[in-house]
């Protein structure tokens, strides 16, 4: 699905260098089809890097996807130029009267911060409440999963004593589920989190269906039966070097982090890591766009009435 983005967005040239099909707004205007409208609430500090990662995964399908970037934190960013934020991001007030086919809420480095201490916690709650009536399907990633489980289901924050960092094996529980269609029986995906997601907790306190688990019994991928919300507790969008960059950052900060599990060849940080999760990440986002967004969203977004088969 060629993603439709502003002509000047840095991701255009970045992704074209990888031979990723990106359609600029000026070119897309000549195609007489309705693109899917996908809103990305980017909570990560390095916003340009995160844009590149998610846009790469949203790009590999035959329909247009019109991307809108959203920010809810008005504080000055230390990692993203103000000019970039002003040019390519909207505020919630700009879009609260609009409807969207899809919403992606990214992770955030807030695993050890209590929810009420998050500077934009009220805004997160506002967006999630708004999405119930204005978005066909929402995908939550990593920390956003923990936030959504608290807001939507009242589940208290669950925190690990040590950070889960590395590339872990997972297995699917429902081979015919639409979100895992085409998945191998077992697959690899990266994690980088303090948040804890015991599968038993999800089963006991929600009506969500767990579709894939880690080998240790943590929930990795789960969703509502009506396809309106989906959750992925890892980082399938990560680049090959992202975990290495996080590890070196923590080393330089004197945090004495563990070497990310199953990531560096021979467990040696001097060796160049390889992405072993890329096909899984692409298939996950393609399935979400197709089965959870495109197949149930109304043609006329002025009337939000997602329909199941």
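For all residues, glycine too, the Cβ spot is worked out from N, Cα and C.
Pulled from Swiss-Prot, these are the features on record:
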- 235: active site, proton acceptor (ACT_SITE)
- 237: active site (ACT_SITE)
- 163, 192, 249: substrate binding site (BINDING)
- 111: site 'Important for acyl-CoA specificity' (SITE)
- 192: site 'Important for substrate specificity' (SITE)
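This view paints the features noted in Swiss-Prot onto the structure.
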| residue | record | Cβ within 10 Å |
| --- | --- | --- |
| 111 | site 'Important for acyl-CoA specificity' | 19 |
| 163 | substrate binding site | 19 |
| 192 | substrate binding site | 21 |
| 235 | active site, proton acceptor | 23 |
| 237 | active site | 27 |
| 249 | substrate binding site | 11 |
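A Cα-Cα distance of 14 Å separates residue 163 (substrate binding site) from the residue listed as 'active site, proton acceptor'. Ranked by CA distance from the residue listed as 'active site', the recorded positions 111, 192, 249 have 192 at the top as the closest. DSSP classifies the residue listed as 'active site' as coil under the three-state reduction. Residue 235 (active site, proton acceptor) and residue 249 (substrate binding site) are 18 Å apart (CA-CA, integer value). Looking at residue 111 (site 'Important for acyl-CoA specificity') and residue 192 (substrate binding site), their Cα atoms lie 10 Å from each other. Put simply, residue 192 (substrate binding site) is 7 Å from residue 235 (active site, proton acceptor) when counted between their Cα atoms. Taken residue by residue with DSSP, residue 163 (substrate binding site) is part of a strand. The maximum pairwise C-alpha distance among 163, 192, 249, the residues recorded as binding substrate, is 14 Å. Under DSSP, residue 192 (substrate binding site) is assigned to a strand (E or B) in the three-state scheme.
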